[in-house]
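Colleague: Just passing along the structure, written as C-alpha cells.
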Amino acid sequence: MAEAEGEDAASTSSQEDRQLLAEVRAEAEGRPEVVKHKNLDDFLTLGRYTLFFLFNTEMMTLTSLICANPIIRSCGEVVFENQKDACRQLPNLTTTTGCVPQLEYQFYSVNVEFNYLCQEEKLVKNSISVQMLGVLFGAVIFGQVSDSYGRKFTILISLFGIAVTSLMNAYVPSFFYFYWIRILVGFFTGGLSTSMGVYQVENIPMKHRMWISTVITWSPNFIIFPIIAYYCHDWRTLLKANAICAILSAVCISFIYESPRFLIQKGRVEEARRIFAKIRKIDRNSDYNPQELEAMLVHEQENHEKRVKKQRQYTYYHIICTWEMISWTCTLAIGIAITSLTNYGLMFNMEKLSGSLYWNNVFMGIIRWTMNIAVGLSDYKLPWFGRKVINMMALVFNGFCLACVCVLYYTGTQNDGGWVLRYCTIGATAMCSQLYLSKFMACNELYPTSVRNLAVAVLAMFSRIGTIVAPQLFYLSDISAVLPYLALLAFTLFDAFLFQVFIPETKGTPLPDNLPPKEQRLFYREKKRRVSLITEAI
C-alpha cells in the first residue's frame, strides 16, 4: 500500500500533470469572470472515466458463498419417504447399524462435507448469524475509516482482506475453523459494502445517479454467481474463485482515483484539481467551463479554511443531531433491517423450493436486474418517479407475495401450489433489490458529505442485524409453518408506513455538503438555553 501511494504521489507531480493544470488555468484566465459558484455535481459527467469506474465497481460485488442442505435419500437398506422421516430415523439407524447416509445434493456445500444433517443443519444456519456479526462490525469500523482516510483506501484494504481470508477459509480442516475465519471474511465484506456505495454515488452525475445505481449493483451477479458456483461445484473451489475476483477488483481499482468530493471536504483541493484535470484528459471532451471549475474549487478551499478553525471529528452523534435527522436515521435503519430480514430469510431457505438451486438463483437475478433496469429508466424519464414511489411499489409487491404464501401455508396447500410458492418467494426476494436501492439512495442524498459514510455505515449495520436474525426467524416454522411469513408481512406494512411518513423525496437534489447550523442542533440549543438562564440569574 505504501509503495502504491508513493507511486501515485510521484505520478501526480509529473510533468504531464503540471502541463494539464497549466492548460486548465490558462483557459480559465481567458474567460469572463464568473460570479455564481456551481456545485460539484455540475462537473461530474458520464464520460469514459465514469464508465471505466462503473465497470470496476461492478467487479467488486462478485463475492459470496452458497450454503445448501442436502436431501437424505437412504441409509443402508432403509429408504426414507421425506426429510422429516429421514431425520426421525437417522440417529437410531446410524447408532445401531453404522450405515452411511446416502445424500442427494446439487452443490457440495459445507453441510455435505462435514456431514451436518437434520438438527446439525441448524448449526450451519446459526453460523450465518454469527458470521454476519463480522459484517456488522466491519460496516461500523470501516465507515469511520472511509470518512477519515478515503473511500479508495478503505475499499482496497477490504478487497485484499477478502482475498486473503477467503483463501485461508478454502483450506480449513474442520467446520470450527471455517466458522471463525468466515467471521473475518464478513468483517472485510462489511467494509467493502459500506464504502463502495458511497464511492459510487460520489463519482456519478446527479441526473444519472439512480439508473446507474440500479444497473451497477449486486443483481447482475445473482445471474453470474450461480454459473460460477455450478462449475466450481464445491465450496472450497468457490472460495478460491472469490479470492481471485477480489484480487482482480483490487488491481482494477488501483487505476481509478479517490472521490473528488471527499478530497474537497478534507481540504485537499489541489489533489481534486489534479484529478479533474486527469479525468478531463481521459474523457477527451468536457462541457464544463474551466473557469467555473476553478472558481468552485477556490470557493471550496476558502470554505475549508474557515472550517479548519473550528474543525472537529465527526461522530455518529452528527447523524442524529436534529429531530429531523433522528427521524431519517430511525426510519431508514428500521426499514433496511426489515428488508434484509425479508431478503435473506427467504434466500436462506431457497433450497427448499422446487426446481434447480442454480436456476432459481439465476431466475431471481434476472428478475432483480430486469426490475432494476426498468426502475432506472423510469427514474430517468419520469420526474415523478422518485425514491418514495420505488419504495412503496416494491413493498406493495412484496406484501402481495407474502400474503399469497401465508394463504398457502395456512390452508395447507403449499404442496399443491408449489409453483405459486416458488415464484412468490423468488419474486419477493428479487424485489428487495428495489428496497435496498431506494433506501440507500435516499440515505446518500439526505446526509451531508462529512457524515454520509457514517450514515451508510449505520444502515449497513442494521442491514446485517436483519441478516443475523433472518435464519432464526424461520425457526418459528417449528410452531407453525405460516408464522415466519406472517411476521414478514407485518414488518413489510410497518416499513411502508414509516418511509412514507418520515422520509422526504430526494430525487434531483444536490448532495448536501454541510451539517445543519449549530443553532438547529438539539444539544447545542439545550446548552445555549442553560447558559442564557445562568446569565439571566447572575
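Note: Cβ is positioned from N, Cα and C throughout, glycine not excepted.
TrEMBL labels come from automatic prediction, so no person has curated them.
According to TrEMBL, the protein has these features:
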- 44-507: domain 'Major facilitator superfamily (MFS) profile' (DOMAIN)
- 128-146: transmembrane segment (TRANSMEM)
- 153-171: transmembrane segment (TRANSMEM)
- 177-199: transmembrane segment (TRANSMEM)
- 211-231: transmembrane segment (TRANSMEM)
- 316-338: transmembrane segment (TRANSMEM)
- 389-412: transmembrane segment (TRANSMEM)
- 418-442: transmembrane segment (TRANSMEM)
- 454-476: transmembrane segment (TRANSMEM)
- 482-503: transmembrane segment (TRANSMEM)
Colleague: State the residues, same chain only, that lie 6 or more residues beyond the ends of the transmembrane segment (128-146) and have a CB under 8 A from a CB inside it; answer 'none' if no residue qualifies.
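Modeller: For the transmembrane segment (128-146), the sequence-distant neighbours (Cβ-Cβ under 8 Å, at least 6 residues beyond its ends) are 67, 153-154, 157-158, 179, 182-195, 198, 348, 453-454, 456-458, 460-461, 463-465, 467-472.
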Colleague: Do any residues, 6 or more residues outside the transmembrane segment (482-503), come within under 8 Å Cβ-to-Cβ of it, and if so which ones?
Modeller: 327-328, 330-332, 334-335, 338-339, 341-342, 345-346, 387-388, 391-392, 395-396, 398-399, 402-403, 405-406, 409-410, 435, 439, 442, 446, 473-474, 476
Colleague: Applying the under-8 angstroms CB criterion, which one of 211-231, 316-338, 389-412, 454-476 scores highest with the transmembrane segment (177-199)?
Modeller: 454-476
Colleague: Looking only at residues six or more beyond either end of the transmembrane segment (418-442), which have a C-beta under 8 A from one in the stretch?
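Modeller: Distant contacts of the transmembrane segment (418-442): 197, 201, 209-210, 213-214, 217-219, 332, 335-336, 339, 342-343, 346-347, 350, 353-355, 360, 363-365, 367-368, 371-372, 375, 387-388, 390-391, 393-395, 397-398, 401-402, 404-405, 408, 456, 459, 463, 495, 499, 503, 506.
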Colleague: So what's the mean pLDDT when you look at the domain 'Major facilitator superfamily (MFS) profile' (44-507)?
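Modeller: Mean pLDDT across the domain 'Major facilitator superfamily (MFS) profile' (44-507) comes out at 82.
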Colleague: By Cβ distance under 8 Å, which residues at least 6 away from the ends of the transmembrane segment (211-231) in the same chain are close to it?
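Modeller: Distal contacts: 54, 57-58, 61-62, 64, 66, 107, 200-201, 204, 238, 241, 357-359, 361-362, 364-366, 368-369, 372-373, 375-377, 379-380, 433, 437, 440-441.
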